[in-house]
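These come from TrEMBL:
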SIGNAL    1-19  signal peptide
MOTIF     76-83  motif 'Cysteine switch'
BINDING   Cys78, His194, His198, His204, Met212  Zn(2+) 2 binding site
DOMAIN    88-240  domain 'Peptidase metallopeptidase'
BINDING   Asp139, Gly173, Asp175  Ca(2+) 2 binding site
BINDING   His149, Asp151, His164, His177  Zn(2+) 1 binding site
BINDING   Asp156, Gly157, Asp179, Glu182  Ca(2+) 3 binding site
BINDING   Glu182  Ca(2+) 1 binding site
ACT_SITE  Glu195  active site
REPEAT    257-306  repeat 'Hemopexin'
BINDING   Asp267, Asp312  Ca(2+) 4 binding site
REPEAT    308-354  repeat 'Hemopexin'
BINDING   Ala362  Ca(2+) 5 binding site
Amino acid sequence: FSPLRCLFLLLMFSSLARPFPKKGRMQHNKSVIFHLSHNADWTTGLCDKVQTMQRFFGLPPTGELTKDTLAVMKRPRCGLSDVERFGETIRWKKTTLSYRLEMIRHWHPDINRTFRAAWKLWSSVAPLKFRKRNRREADIVISFHNGDHKDGSPFDGQGGILAHAFLPGSGIGGDVHFDADEDWSFNLFAVAAHEFGHALGLPHSSDPGAIMYPAYSFAPNYELQLSFRDVKDVQHLYGISPNFPSLVLKKPPPRTPDKCDPDLSFDAATELQQEVLFFKDRFMWRKHPQFEETGITLISSLWPDTVPSHLDAVYENVGRNVLTFFKGHQYWELRQLKMEEGFPRNISDLGFPSRIQSVDAALHFRNDRYTVFFTGHECWRYLRFQQNKHNMACLCITIKIVINIKRINNLQIQFTIKTQNIKNLNKINRSVSERLSVKTRATCLHAVQHSDSSEKGYIIYDKGSSWLWC
């Protein structure tokens with residue numbers, strides 16, 4: 001490994017923001033973060049920190065400044081240290097808290113509305129009340145600042161660190177600071193909900209589905225809600241709201257999928273270079289052949305504001321260096337993590353008839369340069385020619401329950417299905433006489449495919465969790 005690369009990463013990524021800034025803290029923090037002591041091997045300490053951060057974000061723990069690590073670094077995030085743990089419980093000693101807004105240059109009535117909605121996320125699950133004050137002293141002061149604003153944690157301009165907050169206490173304790181250089185037209189609600197959690201005493205969570213995860217989740221406002229972990233943590237500090245039981249019945253807090261769940265199934269799966277990606281709801285697991293750990297992370301950690309959640313199908317076209325994602329009647333193409341111009345598009349642009357409104361599964365055959373799509377009881381072969389000319393042909397009648405397929409290597413294919421009942425799985429592609437035999441148990445299966453017509457393929461079953469080394 002390169003120690004200089006690891007040092008560069010930590011200097012950029014490891015925020016030095018702390019709940020209570022004070023004089024002399026910078027030198028102390030350098031000693032803590034970089035393991036500076038007379039006997040310490042500082043290069044090992046640096047790369048250990050990189051690996052800790054990578055595990056926290058569900059990345060392969062290489063200790064290296066990889067492309068994916070850089071992508072995580074560039075994500076908008078909170079200014080509180082990502083992997084810091086507080087040794088004691090810090091909370092307000094009361095449940096009715098006041099807040100005040102100040103130093104807001106470009107006032108907009110939506111700001112008040114947004115902050116009220118962010119506070120309500122927390123007060124709906126814990127017995128907390130929040131009162132806005134205009135001029136009087138308040139427990140929590142919310143303000144906007146540029147650059148160095150004399151609290152020991154300067155902002156960095158647009159992007160990067162968007163805000164930070166301080167844990168409950170007197171003086172600056174509980175205050176929330178937003179970077180005034182940011183465009184707050186679309187993401188203020190998500191950032192405020194996260195920072196208000198800190199103001200209540202919550203540290204960062206390692207659960208990528210939590211609002212308190214250090215990298216913000218910019219879901220549409222109507223989709224944003226506290227996760228099961230967020231709810232559990234704030235109720236540990238303040239107790240349970242009287243309205244919480246009825247709220248749970250209407251809309252239970254979402255749980256992050258567990259890779260060891262015996263009933264686990266995937267929305268989609270695909271290769272990406274050396275890795276295999278498994279998609280579920282808002283999340284994905286990344287399986288790398290050189291690492292036993294299979295980390296879970298948000299889809300938006302690699303593709304912020306581009307790839308939707310709850311996907312129907314995904315496949316990689318290595319020849320074009322393109323990943324294609326499907327959800328409903330739309331599809332997206334990304335090259336090197338960036339959206340291609342003109343997307344999303346309607347799947348009818350690929351040549352599907354108007355009656356086809358979604359894709360259940362997709363599998364790209366690298367050597368033969370075509371893609372097989374599964375839609376309901378049908379499967380289709382898609383050829384893409386030059387000058388964006390397309391050819392889509394219905395090949396056969398197959399099973400409706402297939403929901404995703406991925407190519408593991410040149411010979412092996414995995415199918416993930418929705419139910420345990422399989423009937424009449426026909427030939428997938430008669431042009432190469434691929435024959436598949438079927439058994440009827442479990443929820444995950446993979447098939448070995450041979451392009452030689454003299455060979456027969458076969459299918460064996462396994463649980464979805466076993467693909468994630470559980």
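Even glycines carry a Cβ here, placed using N, Cα and C.
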Residues in the repeat 'Hemopexin' (257-306) grouped by DSSP into helix, strand and remaining coil: 3 helix, 20 strand, 27 coil
Rounded to the nearest Å - Cα separation of Asp267 (Ca(2+) 4 binding site) and His164 (Zn(2+) 1 binding site): 35
For Asp179 (Ca(2+) 3 binding site), the three-state class that DSSP assigns: strand
Secondary structure tally of the repeat 'Hemopexin' (308-354) (DSSP, helix then strand then coil): 4 helix, 21 strand, 22 coil
Three-state secondary structure, which DSSP defines for His204 (Zn(2+) 2 binding site): coil
From binding-site residues Asp139, His164, Gly173, Glu182, the one whose Cα lies nearest the residue listed as 'Ca(2+) 5 binding site': Glu182
For His177 (Zn(2+) 1 binding site): intrachain residues, at least 6 apart, with Cβ closer than 8 Å: Ser143, Phe144, His145, His149, Asp151, Ser153, Phe155, Ala163, His164, Ala165
His149, His164, His194, His198 as binding-site residues, winner by CB count within 10 A: His194
Proximal residue to Asp175 (Ca(2+) 2 binding site) among binding-site residues Gly157, His204, Asp312 (C-alpha distance): His204
For Gly157 (Ca(2+) 3 binding site): intrachain residues, at least 6 apart, with Cβ closer than 8 Å: Gly147, Asp179, Asp181
Rounded distance in angstrom between the Cα atoms of His194 (Zn(2+) 2 binding site) and Gly173 (Ca(2+) 2 binding site): 16
Candidate with sparsest Cβ neighbourhood (10 Å radius) among Asp139, Asp151, Asp179, the listed binding-site residues: Asp151
Between the residue listed as 'active site' and Met212 (Zn(2+) 2 binding site), the C-alpha gap once rounded to whole angstrom: 8
Other C-beta atoms that fall within 10 angstroms of the C-beta of Glu182 (Ca(2+) 3 binding site): 20
Least surrounded among the binding-site residues, given as Asp156, His204, Asp267, Ala362, when other CB atoms within 10 Å are counted: Asp156
